[in-house]
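Each remark here refers to the structure printed beneath this line.
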Amino acid sequence: MLYRLARTGFFQLDAEKAHDLAIKNFQRFNGTPLDLFYRQQLPNRPVECMGLTFRNPVGLAAGLDKNGECIEAFDAMGFGFVEVGTVTPRPQPGNDKPRLFRLVEAEGIINRMGFNNLGVDHLVENVKKAKFNCVLGINIGKNKDTPIENGAEDYLICMEKVYEYAGYIAVNISSPNTPGLRSLQYGEALDELLSELKAKQSELAEKHGKYVPLALKIAPDLSDDEITQICESLLKNNIDGVIATNTTLDRTVVEGMKHANEAGGLSGRPVQSRSTEVVRKLHEALGDKLPIIGVGGIDSYVAAKEKMMAGAQLVQVYTGFIYHGPGLVRDIVKNL
């Protein structure tokens, strides 16, 4: 009820202004009696995945807390894991505004943010100060002005800087809002990137005395053959997990709705079916050799269960969380 009232107010604002205000409020409320508005005690539903123990299988997807400013608030909501980022080596402003749009009738969002963030060093400082009990994922990307042929260097820089502080590292090569980025999902480009990341992981594991798993985040807009090739690369390079999926460029489900023609990636309920299908195809190809984190359109316990039945060991929410609030996390965890 409280969240429904708050949402009514937030939805009167421009989508990005509402997001920024929410982040500020989470920072302001953290550690004060006001955090009772979102703090909740959830039952333990432990899951072993990628060599880590998650207190429950419901995580926050990357993109909501790009700079790691609200880890403690999301931890207090009971998430089993929180993924911050996407973060890049250098700060960047992202694409021009407006760049975030609600499709309220479809419970969807279109964004063309463009990896706006304050840089990896800023994020690391925030993580170092935060106190939390959930698993922390850090999602890394490349700067917009880094040529795609040099993209691996950006991922390696970020990986080196976040390694010590991450529970796992998510490699984002599937955002539709950085020109050319999705080309890294295919063929030799993917193989070379994963090989370099794996070598860096071995080097950093020895240096820090701990193994931090790597998960690749992929797009929903892939053919069956492309999914098969990605699976082959993941197994060949001993990557630890795969996150499926990012946002979609497809507008079929929302055609004719307000904002449907805005450029960017579509998330929320309209991507639910396709992302679940990608999870299913990944599971068919990978079996139990590699864990899958399912994300895309999870707005209820039923939607989360569908992802798990398709083969996901963990799930993440973002757009569903915007529309339904912390109660969504509670409902999923309690019903598992």
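Note: Cβ is positioned from N, Cα and C throughout, glycine not excepted.
Residues Asn111, Arg112, Met113, Gly114, Phe115, Asn172, Asn177, Asn246, Thr247 are given by Swiss-Prot as substrate binders; from Lys66, Lys305, Lys307, that same site also lists Lys66. Swiss-Prot names Ala62, Gly63, Leu64, Asp65, Lys66, Asn139, Asn172, Lys217, Thr245, Gly268, Gly297, Tyr318, Thr319 as FMN ligands; from the candidate set Thr86, Thr88, Thr228, the record adds Thr86 to that same site. Taking the centre of the Cβ atoms of Lys66, Asn111, Arg112, Met113, Gly114, Phe115, Asn172, Asn177, Asn246, Thr247 as the substrate site, the nearby residues of that chain (Cβ within 8 Å, site residues left out) are Gly63, Thr86, Gly94, Ser175, Pro176, Thr178, Gly264, Gly265. In the three-state DSSP reading, Ala62 (FMN binding site) counts as coil. For Asn246 (substrate binding site), the number of other Cβ atoms no farther than 10 Å from its own Cβ, over all displayed protein chains, is 26. Lys217 (FMN binding site) falls within a strand when secondary structure is assigned with DSSP. Between the C-alpha atoms of Lys217 (FMN binding site) and Ser175 (active site, nucleophile), the distance comes to 9 Å. Neighbour density at the Cβ, taken as the number of other Cβ atoms within 10 Å, is lowest among the recorded positions Asn139, Asn172, Ser175 for Ser175.
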